[in-house]
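Taken from Swiss-Prot as is:
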- SER125: active site, nucleophile (ACT_SITE)
- ASP180: active site (ACT_SITE)
- HIS193: active site, proton donor/acceptor (ACT_SITE)
- CYS36-CYS114: disulfide bond (DISULFID)
- CYS62-CYS75: disulfide bond (DISULFID)
- CYS176-CYS183: disulfide bond (DISULFID)
- ASN202: N-linked glycosylation site (CARBOHYD)
- 1-18: signal peptide (SIGNAL)
- SER47: site 'Transition state stabilizer' (SITE)
- GLN126: site 'Transition state stabilizer' (SITE)
Amino acid sequence: MKFALLSLAAMAVASPVAIDVRQTAIAGDELRTGPCEPITFIFARGSTEPGLLGITTGPGVCNALKLSRPGQVACQGVGPAYIADLASNFLPQGTNQIAIDEAAGLFKLAASKCPNTKIVAGGYSQGAAVMHGAIRNLPSDVQNMIKGVVLFGDTRNKQDGGRIPNFPTDRTKIYCAFGDLVCDGTLIITAAHLSYGDDVPNATSFLLSKV
């Protein structure tokens with residue numbers, strides 16, 4: 001399994017995603033450093049991905065939300081405490097507690113700093129496990145502010161029964177590509193695990209339908 005996860009890092013480098021780097025760099029820390037916006041998007045990237053939003057799906061959803069709702073969206077990636085290391089995939093929760101706590105803290109920050117914002121969220125690969133761990137234990141008042149969550153290549157899909165525990169299924173959409181074995185409870189990485197850029201438009205539409 002370690003070989004399979006190491007293969008993910010190599011495949012990610014070999015399969016770059018075209019993104020606006022300047023826009024992504026600005027967008028990745030907006031909850032912490034910027035003003036409140038009507039919509040706050042919180043995202044956890046996959047293992048070995050750079051920056052706060054990663055490269056596979058986070059920047060795409062962030063930018064699509066901003067294009068659909070100009071001047072109304074703040075994007076926040078989970079980090080820097082969450083380092084998206086490979087080894088944490090082997091832990092019981094599919095990530096480490098530091099990452100889960102940091103993500104939970106960002107949801108709580110959005111709720112306290114911006115009480116009128118509508119929160120949407122997402123995660124890719126290990127980042128999906130981060131979202132499972134963080135959202136399931138949030139106070140109910142904070143959970144109620146989360147209007148929609150999209151998860152790509154969810155490493156906790158099988159273990160948690162295709163849902164985020166203790167969170168409404170109608171506010172969650174999990175994307176599992178055909179042939180992506182991590183969705184079946186393994187850590188075997190196939191090419192399908194890198195295909196989720198294709199789901200960004202649908203995921204964005206889902207989140208917008210909830211706000």
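Note: Cβ is positioned from N, Cα and C throughout, glycine not excepted.
Note that the coordinates shown come from a computational prediction; the quantities given were computed from them, not determined experimentally.
Features recorded in Swiss-Prot, as mapped to the structure shown.
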residue : record                             : contacts (Cβ under 8 Å, 6+ apart)
CYS36   : disulfide bond                     : ALA74, LYS113, CYS114, ASN116, THR117
GLN126  : site 'Transition state stabilizer' : ALA44, GLY46, SER47, ALA84, SER88, ASN89, GLY94, THR95, THR155
CYS176  : disulfide bond                     : GLY153, ASP154, ASN157, CYS183
ASP180  : active site                        : GLY153, THR190, ALA192, HIS193, SER195
ASN202  : N-linked glycosylation site        : TYR175
Whole-number answer please: how many Å between the C-alpha atoms of CYS62 (disulfide bond) and SER125 (active site, nucleophile)? 17
Using other CB atoms within 10 angstroms as the count, which residue among the disulfide-bonded residues CYS62, CYS75, CYS114, CYS183 scores least? CYS114
Quick tally, other C-beta within 10 angstroms, SER47, SER125; top of the recorded positions is SER125
Other C-beta atoms that fall within 10 angstroms of the C-beta of HIS193 (active site, proton donor/acceptor): 27
I need the CA-to-CA distance for the residue listed as 'active site, nucleophile' versus CYS75 (disulfide bond), whole Å please. 19
